[in-house]
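Colleague: Have a look at the structure that comes next, please.
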Amino acid sequence: MLPWRQIVLLSITGCLAACTEDVIFQGPRWRTEPSDLILPINSPDQRATFTCEAEGSLPPQYRWSLNGTLIDLGNDYRRHMSGGSLIISNLDKDQDTGVYQCTAFNAWGSILSRRASLQFAYLDNFKTQTVRSAVNVREGQGVVLLCGPPLHSGELTFAWIFNEYPNFIQQDSRRFISQETGSLYIAKVEPSDVGNYTCVVNNTVTREKVLSSPTPLVLRNDGVMGEYEPKIEVHFPDSVPAAKESAVKLECFALGNPVPEISWRRTSGIPFPSKVKMKNSNAVLEIPNFQQEDAGTYECMAENRRGKNAARGRISFHAKPHWLQTMADTALSIEESLFWECKANGKPKPSYSWLKNGDTVTPEGRVQIENGALSIAALNLSDSGMYQCVAENKHGIIYSSAQLMVLASPPSFAKSPLRAVLKARSGSEVTLECKPQASPPAISLWKKGNEILQRTERITLLPNGTLKIANVTKRDAASYTCVAKNQFGTASTTGRLLITEPTRITMRPTNMEIIVGESIVLPCQIACDPALDVSFSWAFNGQLIDFQRDSDHFERVGGTISGDLMIRNIQLNHGGKYVCVIDTDVESLSTSAILVVKGPPGPPDKVAVEEITDSTAQISWTPGRDNGSPITGYIIQARTPFTVGWQAVDTVPEVVNGNMLTAAVVGLNAWVEYEFRVVARNAVGLGEPSPASAKTRTEDAIPDTAPTDVGGGGGTKSELVITWEPVPEELQNGEGFGYIIAFRPVGTVTWTRAVISTPGVARYVFRNDTIPPFSPFDVKVGAYNNRGEGPFSSIGTVFSAEEVPSVAPKRVRTRSVSAVQIEVIWEALPAIPERVLGYEIVYWEDDTKPDTVGKVRISGNYTLVNITGLKANTVYYLSVAAFNTAGPGPQSAPINSTTKKPPPDRAPLNIQWTMIGSTLTLHWDPVVAVETESKVTGYLVLLKRHRNNDISTILTNKTTAELSLSANDNYLIQIKAMSEGGEGVGSEPIHIHKLSECTVKSDLFRNACAVSSISAIGLLFLVDWLHSAAAYKAVPCSPSRCGAKL
């Protein structure tokens, strides 16, 4: 490409004024390159496709070559391109076989793809022959049946048929089919081998199969072949080339009698790696993924009892080239030098060549090539383009591509101008960088104001254009300009230098100790030059604090010259180093403090029971973290199935100090399963408990707790009933727990004992006809288990069962009190031998229905009882008996009594009331009883006073009543009808509020404050009355104010 065209392209894409860092490389890059193809010669598709695709900022175009010659696609009807891919139709073996290569190009250059071959696979038929010549052998002799495959292309596999299809020969130590020659080898012929053999040839590409003519195998009749030493008929070549990562197969088979055994070894003595496999009775040695270390001399040994024979061959390693180092896209300024180096590995060692835009680069003048390295001195625009390094040996060729852009532009500070204002601390060193974009690099100089700067003791001008001023003072404040120039132009940039006073930290944080949960403020305050912009940040243990994410605990407080840090609700993990960092335009300062957070101790660990007895346990543990405050002591807690949660236990020593890691727990119950845990404490408080120890049971022991609450009595005749409070399971001290009951008549010496083996039983009954009734006994109860007997309870006195009263009460009489109540009266029993504790009254409705029986018991010497809750107007039968602990005695003769009819089930209606002064007058309609109800005998007026919450009643046989009320209290009034059957249904309550709230301004109504009625007629009367009051322009007393409420 001509130089002026390069300049035009650079200008169009904006690269003329660009620096190397901003160059966008736009030449073609490979996405997909073609691959080798092997196709059946008679493929029904009859098409071959070589894929080729590249990318570039300018879309690439493509061309193809075959065997190094450009394909003219314009005049070739069988070949065309789709995108960059080449499609060949109507395949022709003679015209299309060869090596293809794709070229991608755009305005920036051209690149070649890797080479790809097209081959055709086929398999011809065997020559026509009815039957092959017979092979005559003696029994015991070895034989080779040749296959002689026909003309072909592509990989073949071989098999043999014995007599007829599909009876295929199965390979074993005596028979072998070589996949190299196709021949069948029989090491020792047996009579069963006589027959016809057909060779089957398969093409793995075309999937075609052809069969040879049969070869008869005939057994000679001149005797059996004697034994002879092995003769190797199949062996690998003396030299076997093997490609890297390929699968290598070596064949070795021998004829012989007896049948030889095959073995393999490396002559170097190096054992085979595990990847090496031996197949077909060791006739095939297979080495997958062949590598350099697998190369060497291999030996096959065939051996039988007549001798042995060996074959050797060397496997040599070869590899096509692969890249170790490639070049990268490069942009250089005009007149600079290029050096590219590529390195490849391979065996044999590859050679190198270079291409530019698909053409070979010839070393001459400025261009030099040496051992894969390309160097070009004094670059000019014509050197731009696409370059390829080519590495090649006899096994392959590879390409690596890169673009070279040669740049030419005047200086520009568009992307790296000086800051308009540069601030610097007095006494510091200032660095001003001059970095123009220019190709070739520009020459620069500095000005202070209009004066060109020269080197001095404080001023340094570096070769790269950087200006350094040491120990700056206020006199250095000025405008500075960098001027850059090359052969394409000149540019400059200016900035003003401002000198500020040093920043000082006026208040620093100090090292502190603090308790968990408290809050503190770490100060960080400064004095600084007002021209500076200041920012504060805090780091905790080397990590910057994120105030948004950690706002629950951290907050920065203060103004522009204060960066105080508030830490709220401090936790243990907040202990560490805090650094306040102050950043200004000219410097960065920091100050730090260590914060020690103290908290309750962490949980102890590894709590274990070292030793346990029936009442003690030796506990050990490891300490947890002290969390900034030394551990001062430990508390041991225990839990059993019988306790509610964890309980502190007694220890020896009584106080476990913080230096101890073991203690004895005492006061444990025997034969109880315990868990233990340990809680540490320090000056801050109690810590979290440790994990629980493994469950451990104390040893068993003789019971040491006696049953309590020993008593009894009652029961039936000739019984002594003894009761006690059972011993809790946790106090039973072992298995086999039970009770020993001992008793004796009061005043005797000998105890009678009984044993109960059920721990939950709390009652024992001794039966004996000789026991006198209500006789006192000394009683005690003890406990035992498998270890022995424990203590007895204290001795108590229990009476034997007594006899029921023998006499029935007399002169029983009844009185019907109401519809639900009957009064029963009887005569007290005279003195009798049996105890009388009280009386039992039994009642029922019908003598024929015993399930309707009711019962009332009254203790003591009472002779009257009221039975309530009965049905109205019902006949009841009643009987009285005396009772004691043995039960009721004989009943009196039944007598009957009928309850009264029920009272009316209707409340008084049309209640009217009038209040004059403090007197309330009530009127209501009479209640009339129906035939099935008791006759009304009067009315009951209930008056409930709110203040004292007391109730008073007034009985009247009229339908009116007068009540005197207090002016300072609220009342509730209810009226009920009275009858022989009792009280009737109560009326709706009448609420009377404080009379003092009533204010009457009219003389007409001064004595009549309120009128209320629960009847409709009364309400109409009230409305008419209020209208009359309005006619006199009086102000009636409002019911809501006077307190009338229905």
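Heads up, the Cβ atoms here are built off N, Cα and C, so glycines get one too.
Found this in TrEMBL, in case it helps:
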- 28-119: domain 'Ig-like' (DOMAIN)
- 124-212: domain 'Ig-like' (DOMAIN)
- 230-316: domain 'Ig-like' (DOMAIN)
- 321-405: domain 'Ig-like' (DOMAIN)
- 411-500: domain 'Ig-like' (DOMAIN)
- 502-590: domain 'Ig-like' (DOMAIN)
- 603-701: domain 'Fibronectin type-III' (DOMAIN)
- 706-803: domain 'Fibronectin type-III' (DOMAIN)
- 808-902: domain 'Fibronectin type-III' (DOMAIN)
- 907-998: domain 'Fibronectin type-III' (DOMAIN)
- 688-715: region 'Disordered' (REGION)
- 1-17: signal peptide (SIGNAL)
Colleague: Per the 3+ Cβ pairs under 8 Å rule, pairs at least 6 apart in sequence, do the domain 'Ig-like' (28-119) and the domain 'Fibronectin type-III' (808-902) touch?
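Modeller: The domain 'Fibronectin type-III' (808-902) and the domain 'Ig-like' (28-119): touching, no.
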Colleague: What average pLDDT is reported by the model for the domain 'Fibronectin type-III' (603-701)?
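Modeller: Residues in the domain 'Fibronectin type-III' (603-701) carry a mean pLDDT of 95 in this prediction.
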Colleague: DSSP helix, strand and coil counts for the domain 'Fibronectin type-III' (907-998)?
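Modeller: For that range the per-state counts are 3 helix, 45 strand, 44 coil.
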Colleague: As a quick check of your reading of DSSP, tell me how many residues in the domain 'Ig-like' (28-119) are helical, how many are strand and how many are coil.
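Modeller: DSSP composition of the domain 'Ig-like' (28-119): 7 helix, 49 strand, 36 coil.
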